[in-house]
């Protein structure tokens, strides 16, 4: 029998110290990685529940194990809430991650060796959109499209040309580092022209879509996937959505289980259900508007200080800072800002002369920043502090002094806007 007083701190103090250190880091550092967010105590409560003990292979009402009557309720709630949130007819809440959701879509709609057309990782796509280092680039004949380097905007004429030339089985729309608005209808038009499936990965903008602040791809795509963290702010996991299509729905269900996964993580599915309920609340839309406002405010500060923003601005939660003109690598910028307790990630920019391990840019996102209550004015000031660090990066002595000064400002901002009050 387990005693409910059992805890990690007493049993494994070494591990507990790493956990408490990370909790403190999250409170003391400003998080600007576009794919990261803070999840609610309610979501964490579900994830830490006894639902983790239950195996539930199959789907609600059709399981391969007994004793699933209560986890069926949790999964059914998650399914219905996801469908309602995004106006979908079908939802599969079982994928353990966005990448596994994407893998299931490939398995459902393509055969190994089929041609796919997706956004190049170097231009803002994702590993699973056909990168040669991913299963999507190894199992399938991946053709890649990108942005117009001069404008930073998707080149729809080039996408259409590639589609006509290569006749892909599936076209993938979506991104991990693109600050514009995607024209889902145009992608649908191109897919229809060549008889391809249209698969949209909206992992980065799902929260904005749920709040009505970014175009919803569900009415246009054959299949849509997303992660459930990032802008949605839920637990780490994946989600598949679709319009009513019995044949595709059956293929998707079979591709997730037994195709890609065995037993679903019922504690995480319960956490997804909680998160979807939170996303339907009016305050979630207010939060997403703050995400947008903060990103736009930061862009203005960077532009005012002479830094180039890929595409010239942002229409979502993220933007790319191009550091080529300053001869600063993304790697050294990432490290310097990290020393000032500002967490970002290095990122390639269009026509980047440096390797993906070094890069010439930074990807900056505001979901976590807005989550802790930071407003647009504070975000604009934060961006100026970041510019101070970047401006000093070539002068070791000046950089050390600047980092010390910025850390003091960051500490005050974090204290004024705690993650978990």
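Cβ atoms are placed via backbone N, Cα and C, with glycine included.
For residue 355 ((6S)-5,6,7,8-tetrahydrofolate binding site), no same-chain residue 6+ apart in sequence has a C-beta under 8 angstroms from its C-beta. Among the features that Swiss-Prot reports, (6S)-5,6,7,8-tetrahydrofolate binding site is placed at 121, 125, 126, 127, 355, 356, 357, with the record citing sequence analysis.
In three-state terms derived from DSSP, residue 230 (N6-(pyridoxal phosphate)lysine) belongs to a helical segment. The N6-(pyridoxal phosphate)lysine annotation in Swiss-Prot covers 230 and rests on sequence analysis.
Note on residue 229 (site 'Plays an important role in substrate specificity'): other Cβ atoms within 10 Å of its Cβ, all shown chains, come to 25. Here Swiss-Prot flags 229 as site 'Plays an important role in substrate specificity', drawing on sequence analysis.
The most crowded of the binding-site residues listed here (125, 356) is 125, judged by how many other CB atoms sit within 10 Å of its own CB. Note: residue 127 ((6S)-5,6,7,8-tetrahydrofolate binding site) has non-local neighbours 99, 121, 133, 134, 136, i.e. same-chain residues 6+ apart with C-beta under 8 A of its own C-beta.
Separating the Cα atoms of residue 126 ((6S)-5,6,7,8-tetrahydrofolate binding site) and residue 229 (site 'Plays an important role in substrate specificity') is a whole-number distance of 16 Å. For the recorded positions listed here (121, 126, 230, 357), the lowest count of other CB atoms within 10 A around the CB belongs to 357. Cα separation, residue 357 ((6S)-5,6,7,8-tetrahydrofolate binding site) to residue 229 (site 'Plays an important role in substrate specificity'), rounded: 25 Å. Reported as a whole number, the C-alpha separation between residue 356 ((6S)-5,6,7,8-tetrahydrofolate binding site) and residue 229 (site 'Plays an important role in substrate specificity') equals 24 Å.
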